[in-house]
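The next block holds one structure in the form of structure tokens; read it before the comments.
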Amino acid sequence: MARTPEETLRQTLARVAPGTDLRDGLERILRGRTGALIVLGQDRLVESLCTGGFDIGIEFSPTRLRELAKMDGAITLDKDVSVIHKAGVQLVPDASIPTSESGTRHRTAERVAVQTGHPVITVSASMQIIAIYVGGIRHQLEGSESILARAMQALATLERYRSRLDQVTAALSTQEIEDTTTVRDVALVLQRLEMVRRISEEISQYVLELGTDGRLIALQLEELAASAGPGAEVVLRDYSAAAQEAGLADGPIDVEAAAAGLPLLSGTEIVDLGTVASLLGFTGGPDALEKHVQPRGYRLLTRLSSLPRAVAERVVDQFGGLQQLMAASIEDLRAVEGIGDLRAKSVREGLGRFAEDSLLERYR
Ligand SMILES: Nc1ncnc2c1ncn2[C@@H]1O[C@H](COP(=O)(O)OP(=O)(O)OP(=O)(O)O)[C@@H](O)[C@H]1O
């Protein structure tokens, strides 16, 4: 499957992360103050852009890369960085491809990356910079210290976002059980879930770039992300028919489309609860946020870990809404396919616990 330039860049960042052989080779070139132009990919198209130079065909090693970079011209590797194919080649990409770079090494790198779709790495002799070109993207590698500083800052932000998410999620559970939920409460949880997702994604990018220097950050990210609970899709499913029930839409929303739309909201859109609520079909501006809505019960049921997803769905279908579900007896629950005595009891007890927790939350 064709990758997007962003995906290819992520993969390339992993290949050049500290601790990898390729990074070791690049650092050696940087210290040697020579410079390099390296294509990560070998196919017919790359071949057709190469003139002169030497066919090498040896296993990749950092010291070999450094030695070959002393020659004028470019080096081609296979995409997995296991073989050095050519060295000292002159690359002649299509000159009509626009480039914003100035020196010939960097102009060539940008054009070859666009023309071939392969990542191209440059080590600038004059500026002492390593850059990656993928498609039309240029990414400059930074030292681990500055990335680490930003990653630590992002982790602190994630911690704050997480505790706010936990607050609004607990508040939503209480409101759902007491049947006092408004669109605002739901939009707030969706907003916070998305903010946590965005900052977690930013941190995983740093982890990727940091390679072996990012192990501690990775552990902290894992810890903070692991207990985040179900994602936005479950919340959207819970309220997929809410706008229809409020007489604002002809049918339920498309949950998948709404879940895909949430990450697409811009930084300013995501802070506006009205825009988030429009994903649920509530497009009436500030007034729409105060509308009373009722969940179907998916989210609370997914917190009962013993219940398989398919059974949870049947329970929701059977009762139609959380309020009816909360009122269901063990016998009512047993009537659902896949629910025997034990499960009926554990669902009943689980729901009872939620009700108690919600009371505690209210009077805390
Ligand atoms: N088309 C090309 N194919 C292969 N190698 C090239 C090509 N263009 C430039 N180079 C390599 O880059 C070297 C530096 O070229 P130049 O100084 O013009 O580029 P630059 O972008 O200013 O690079 P730097 O930032 O390293 O100074 C050349 O000596 C050559 O080894």
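A Cβ is built for glycine as well, from the same backbone N, Cα and C atoms used for every other residue.
Unlike curated records, TrEMBL annotations are generated automatically.
The annotation ATP binding site is assigned in TrEMBL to G73, L91, T104, R105, H106, R107, T108. When Cβ atoms from all protein chains are considered, those within 10 Å of H106 (ATP binding site) total 21, not counting its own. According to its DSSP assignment, H106 (ATP binding site) is helical.
Residues or ranges marked as domain 'DAC' in TrEMBL: 6-145.
Among the binding-site residues R105, R107, the residue whose Cβ has the fewest other Cβ atoms within 10 Å is R107. Checking the binding-site residues R105, R107, T108 against ligand 1, the ones with a C-beta less than 6 Å from an atom of that molecule are R105, T108. Taking the centre of the Cβ atoms of G73, L91, T104, R105, H106, R107, T108 as the ATP site, the nearby residues of that chain (Cβ within 8 Å, site residues left out) are L37, A74, G103, A109, T122. Secondary structure of the domain 'DAC' (6-145), assigned with DSSP and counted as helix (H, G, I), strand (E, B) and coil, comes to 50 helix, 41 strand, 49 coil. Counting only same-chain residues six or more apart in sequence, the Cβ atoms lying under 8 angstroms from the Cβ of L91 (ATP binding site) belong to L37, V39, L49, C50, G73, A74, T108, V112.
Among the record's ATP binders, G73, L91, T104, R105, H106, R107, T108, no two C-alpha atoms are more than 13 Å apart, and one pair sits at exactly that spread. By neighbour count, meaning other C-beta atoms within 10 Å, the densest spot among the binding-site residues T104, T108 is T108.
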